[in-house]
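So that you can see what the record holds, here are the features copied from Swiss-Prot:
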ACT_SITE  LYS183  active site, proton donor
BINDING   ASP213, GLU239, ASP264  Mg(2+) binding site
ACT_SITE  LYS290  active site, proton acceptor
Amino acid sequence: MSGMELSYRRSDLIFKRPAGTSRGVLTSKPTWFVRLDIDGHGGQGEVSLIPGLSLDPEEQIGRELDLLARRLRAEEPIRLRQFLAERGGADFSDYRSVLTDIAGILDSWQVSTDGRFPALRFALEMALLDLLSGGRQEWFASDFTRGEKRIPVNGLIWMGEAAFMQEQIEAKLAEGYGCLKLKIGAIDFDKECALLAGIRESFSPQQLEIRVDANGAFSPANAPQRLKRLSQFHLHSIEQPIRQHQWSEMAALCANSPLAIALDEELIGLGAEQRSAMLDAIRPQYIILKPSLLGGFHYAGQWIELARERGIGFWITSALESNLGLAAIAQWTALYQPTMPQGLGTGQLYTNNLPSNLAVDGGLLGVS
């Protein structure tokens, strides 16, 4: 026996009410909680999938985890023990090199080296980071984890009938959010514009920032006119107006749109060389980082460096993780000391979520 053990359990998350996106309506989502134990210490991570968006084949997650568990049981974890001895209690101002070391360990374990299982790789990265902190779920210690700083976040408005969306908008405004993100593309575009017009009648751009996310719902043919129409509401940006893998069409939109465009789905599944090529071809105003969909913090951080080199803005978004994954993503986000609202969830979506020490007050996410 190596003294190293990987275990997991599937625990699908149940939505309090159906969650509508342009890809359909979700009532539950597949989730696995993983645990990595070595020499009496344990670390936890989460495999979080979004059906129709995540690359990881849902039906193969259990098999991949079983294969990895067998490999790890048979392996003498010399490298991991050395890593934990050298990095345990490390100064996380050097978090990039810590993540690089973890990436090397995951590569040696053959975890999604072909990019087919980014969410699974993220879960193992999380578990290794948690091991470093002694299993305290303090993936990245900072003034955020100490409760000294908070992260500005947007309030998310789910798709649905106009009355349901209006109800959500009023609730988020009452909670003190200074930035709202509306998912659009599921109902009639005129009705969505009427909703935006109604918000703007009451709140100026200085009082309330509005972002919209089309999840690729527009076509290259109708997108220019729709972007022009949306721009009259003085929006901050629109996420993924057309579906991914249409680089020339998206590049034309980014060059000519009166509204800033943020790429989201466009980042999923691209290898190292493709990432630079895509950013150079499309030249978006922003990119959005979702670690579960990109293979974890190491790869998401590489995207950020590429964006910064090109003068492209970014923000970080959770992707329907449980409170475990959300906490890790929030801690990583805090390292970048964001001043603009991030797209971090608040753990309120599910009937069976894990306990959390995070809370939102006045549009700021922090340790409660």
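Each residue, glycine too, has its Cβ placed from N, Cα and C.
Sequence features, as recorded in Swiss-Prot, placed on the structure.
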| residue | record | DSSP class |
| --- | --- | --- |
| LYS183 | active site, proton donor | strand |
| ASP213 | Mg(2+) binding site | strand |
| GLU239 | Mg(2+) binding site | strand |
| ASP264 | Mg(2+) binding site | coil |
| LYS290 | active site, proton acceptor | coil |
- Query: Cβ-Cβ under 8 Å from ASP213 (Mg(2+) binding site), same chain, 6 or more residues apart: which ones?
  - Reply: LYS181, LEU182, LYS183, ILE184, ILE238, GLU239, GLN240, ASP264
- Message: Centre the Cβ atoms of ASP213, GLU239, ASP264, go out 8 Å, and tell me which other residues of that chain have a Cβ in range of the Mg(2+) site.
- Response: ALA214, ASN215, ILE238, GLN240, ALA262, GLU265, ILE288
- Query: Does anything in the same chain, at least 6 positions from LYS290 (active site, proton acceptor), have a Cβ under 8 Å from its Cβ, and if so what?
  - Reply: ASP264, ALA300, ILE316, THR317, SER318, ALA319
- So for ASP264 (Mg(2+) binding site), how many other CB atoms are inside 10 Å of its CB? 24
- Query: Once the chains shown are all counted, how many other Cβ atoms turn up within 10 Å of the Cβ of LYS183 (active site, proton donor)?
  - Reply: 23
